[in-house]
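Student: Dropping the structure in here first, questions after.
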Amino acid sequence: MHITDILVTGEPIIYGAMVSMALGGLAILFVLTYFKKWKWLWREWLTSVDHKKIGVMYILSALLMLFRGGVDAMMMRVQLAFPDLGFLNSQHYNEIFTTHGTIMIIFMAMPFLIGLMNIIVPLQIGARDFAFPYLNALSFWSFFFGMALFNISFVIGGSPDAGWTSYTPLSGAAMSPGPGQNFYLMGLQLSGIGTLATGINLMVTILKMRAPGMKLFHMPIFTWSTLVTCFIIVFAFPILTVALALLTIDRIFGAQFFTLTGEGLPMMWANLFWMWGHPEVYIVILPAFGIFSEVIATFAKKRLFGYNVMVWSMIVIALLSFLVWVHHFFTMGAGAFVNSVFSVSTMLIAVPTGVKIFNWLATLYKSKIEFTVPMLWSLAFIPSFILGGVTGVMLGMAAADYQFHNSYFLIAHFHYVLIAGTVFACFAGLVFWYPKMFGHKMNERLGRWAFWLFFFGFHVCFFPQYFLGLDGMPRRLFITNVAEWLPLNVISTVGAVGMALGFVVFVYNVYYSFRYSERETTGDSWNGNGRTLEWATTTPVPYYNFATVPYVDEIDPYVRMKEEGKTTFEEDEVKPIHMPSYTGQPFIFMALLGLASFGLIFEWMYLAVFGLIGGVVMMIRRSFDYDDGYYVSVEEIKETEKKARGL
Amino acid sequence: MAESKKRVPMNHVIGFILSLVMTLVAAWAAIQSDLPVTWVIIGIMILALLQAGVQLFMFMHVTEASSGNGHVPWNMMFHGFALAGILVAGSLFVMSFGHDHGDHGDMGDMEQQEEQHSEDHSGH
Ligand code: HEM
Ligand SMILES: [Cu+2]
């Protein structure tokens with residue numbers, strides 16, 4: 001086999017991407033070597049099992065993916081605003097909308113949220129790490145290699161092009177030969193291991209490792225949202241795993257689960273995909289709800305209104321999320337009765353969601369709002385998300401959905417919920433907890449610029465798309481030079497540019513704040529408004545998190561701790577702390593599985609078998625691993641805490 | 001430093017080998033054997049139950065009443081069964097109900113049509 005057989009050739013844009021990737025890669029290698037950072041990288045990051053560092057790596061990867069998915073988006077918007085330019089051909093357009101959708105959901109939204117959970121949840125419940133720190137590192141590296149695999153597809157082998165939903169029979173071997181679709185299957189499969197493991201890990205952490213006295217109904221609302229999300233992950237992801245495996249067996253080993261021939265059932269793919277897919281959209285929205293609740297309570301300086309109701313509505317949403325999947329394929333023609341059942345269950349979800357909206361409004365009511373940047377994102381979320389929710393209910397009416405389905409109306413709906421919900425929450429959460437992670441805040445002025453650019457850009461981009469949908473413009477179409485559609489498409493592209501600018505300002509702000517922001521001196525970064533335990537730790541957070549874990553028997557325990565002058569460092573109660581050792585195994589293990597997946601993608605079976613055997617060896621290695629971690633001495637803890645607290 | 005117990009976890013090793021063997025037998029039954037289809041299906045079902053048993057008793061903590069939270073595995077298993085119920089019953093309901101000519105060949109081309117002229121099928 002020759003190298004040109006697997007490299008994608010003949011596309012100027014892709015050549016450009018190759019060159020810039022190669023240059024970027026070289027630059028990174030050079031910087032690491034020049035500043036002698038290889039050891040540091042391995043010792044401090046690649047082998048880390050510290051939940052805070054893993055969280056930071058998740059968030060960095062997610063930001064990188066937001067960039068990659070964003071570039072895809074801008075290319076689509078250019079094509080749609082100037083259809084006569086011939087910027088993209090149909091094949092390239094198909095590949096781009098496929099990678100855009102997959103990356104944004106699987107490799108951007110989920111890891112961003114999981115990254116925030118990684119850092120914040122143990123701090124909120126008074127834990128010193130995850131229940132299974134080794135497994136946590138494993139999760140991250142499985143996600144990382146899955147992401148890497150998916151992302152190289154466009155230069156090696158060709159990208160998948162059957163949509164992020166990968167519907168059969170289009171995505172089967174007969175109609176999509178070649179490695180493209182395999183990249184989708186293996187990339188998702190590999191990173192799915194990590195998601196599932198994180199679900200279990202966080203669930204156990206939250207159920208078993210809370211501070212003494214903390215009952216479930218004393219937990220901060222973000223932790224609650226994480227717990228509920230973990231349940232959805234644990235029950236929904238196996239469905240995806242099985243569906244992906246079946247399709248892989250179809251494509252690589254010639255089975256007939258989803259084919260048109262050989263008694264396959266192509267619609268079964270859609271059925272299984274959405275049994276996972278609908279819960280998946282709640283996996284990315286519930287943590288967002290949790291973040292907004294924290295931010296709103298903090299800057300309204302009040303206890304969250306209706307805490308119990310908030311929790312219960314999340315639980316109800318989680319249950320219902322498993323009962324509505326058919327609304328994604330009403331037009332499959334399952335008949336009026338089936339569609340009616342799922343129409344009703346779909347609309348029911350709007351009830352608990354509406355309850356939450358009213359609770360946020362009630363929290364804000366008559367409060368002294370402090371308009372910080374995270375609060376701006378949260379306040380913007382409420383009306384924007386309502387537009388997405390209301391149009392969701394419209395889509396949920398099966399009869400009407402025969403009109404809306406697969407039009408830009410649908411596109412506008414899910415961008416209103418995913419961007420105004422999930423992406424706004426990621427920004428809000430990152431800015432909110434940034435001082436906890438990096439020891440300084442993000443610059444306020446630049447933060448506002450990023451917010452307003454992104455906010456206006458978002459509405460200008462997606463609001464017109466509702467009307468494009470009503471005018472009949474279908475999704476996933478690359479030639480759109482119909483006179484009635486053109487003006488709205490141009491407006492939409494202008495909005496997209498606004499969002500891109502907002503993102504650029506945001507990233508610049510990371511650099512700017514690193515250089516110029518004041519360093520935090522207390523742990524309670526937002527003018528002493530912190531309500532939950534994460535603000536009780538010092539900044540930067542010591543690697544063992546809590547010198548002493550406080551007794552908690554209420555919601556917002558830190559409010560009272562401050563009144564009573566208590567801290568997470570009660571000097572005479574300090575005991576040695578048991579911590580897990582760093583290890584390179586998760587990295588190596590997942591690199592081997594990544595190699596195996598790469599082999600399967602190109603159907604190079606020797607490579608696949610080699611990687612798999614390597615994986616088994618790593619598992620055996622782990623099974624007989626007797627490293628029980630180490631203890632941090634009392635003297636070291638006292639010294640660290642006194643320095644951090646200026647005692 | 002806690003005393004590390006260098007003990008081979010025999011229970012787990014046996015469980016692991018058992019589950020591998022059962023998986024291989026199932027694969028062999030489906031791919032290589034000449035057994036009639038009904039027997040293959042019944043065989044796989046039985047193996048699946050045994051497999052679940054191995055997981056529960058040799059790896060999970062169903063037998064440890066003393067773990068304090070002994071209800072957790074049962075609780076999760078209940079949810080697991082509920083979900084499996086939704087999965088199977090829901091799929092049957094969705095995939096076979098209301099199609100008055102509901103053989104799969106037909107669903108295949110419906111899927112292609114759904115984007116263009118789905119109204120053709122809306123009445124079925
Ligand atoms: C009030 C709550 C909601 C309702 C009633 C609702 C309803 C719907 C319906 C009926 C569809 C399918 C329309 C069609 O294909 O013709 C849909 C699509 C979609 N929804 Fe929602 N939705 C809601 C909230 C959400 C949330 C919170 C998210 C994610 C954060 C979300 C993400 C999506 C996505 C990604 C799709 C499109 C998937 C695709 O075809 O590629 N929705 N929604
Ligand atoms: Cu849905």
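Cβ coordinates are placed from backbone N, Cα and C, and glycine is handled just like the others.
OK, TrEMBL features for this one:
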TRANSMEM  A:12-35  transmembrane segment
DOMAIN    A:36-553  domain 'Cytochrome oxidase subunit I profile'
TRANSMEM  A:56-76  transmembrane segment
TRANSMEM  A:96-121  transmembrane segment
TRANSMEM  A:133-156  transmembrane segment
TRANSMEM  A:183-209  transmembrane segment
TRANSMEM  A:221-249  transmembrane segment
TRANSMEM  A:269-292  transmembrane segment
TRANSMEM  A:332-355  transmembrane segment
TRANSMEM  A:376-400  transmembrane segment
TRANSMEM  A:412-434  transmembrane segment
TRANSMEM  A:446-468  transmembrane segment
TRANSMEM  A:488-511  transmembrane segment
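What's the neighbourhood like for these features in this structure?
Tutor: Tertiary neighbourhood of the transmembrane segment (A:56-76): same-chain residues 13, 45, 87-88, 93, 96-97, 99-100, 103-104, 107-109, 111-112, 114-116, 118-119, 140, 143-144, 147, 151, 423, 426, 430, 437, 496-497, 499-500, 503, 507, selected by CB-CB distance under 8 Å and a gap of 6+ residues from either end.
Residues 59, 62, 66, 104-105, 109, 112-113, 116, 119-120, 281, 284-285, 287-289, 291-292, 294-295, 298, 373-375, 377-378, 380-381, 384-385, 387-389, 391-392, 395, 440-442, 447, 450-451, 454, 458, 461-463, 465-466, 468-469, 506, 513, 526, 534 of the same chain lie 6 or more positions beyond the ends of the transmembrane segment (A:412-434) yet place their CB under 8 Å from a CB of it.
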Student: So which residues does the transmembrane segment (A:221-249) touch in its own chain, when a touch means Cβ under 8 Å and the partner is 6 or more beyond its ends?
Tutor: 113, 117, 120-121, 124-125, 166, 168, 171-172, 182, 185-186, 188-189, 192, 195-196, 198-200, 202-203, 206-207, 255, 257-258, 269, 272-273, 275-276, 279-280, 282-283, 286-287, 289-291, 293-294, 297, 304, 307, 310-311, 314-315, 317-318, 321-322, 600
Student: How does the model score the domain 'Cytochrome oxidase subunit I profile' (A:36-553) in terms of mean pLDDT?
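Tutor: For the domain 'Cytochrome oxidase subunit I profile' (A:36-553), the model's average pLDDT rounds to 94.
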Student: Would you mind listing the long-range same-chain contacts of the transmembrane segment (A:269-292), meaning Cβ under 8 Å and 6+ residues beyond its ends?
Tutor: 105, 109-110, 113, 116-117, 165-168, 171, 221-226, 228-229, 232-233, 235-237, 239-240, 242-243, 246-247, 258, 314, 317-318, 321-322, 324-329, 332, 356, 360, 378, 381, 414, 417-418, 421-422, 424-426, 428-429, 432
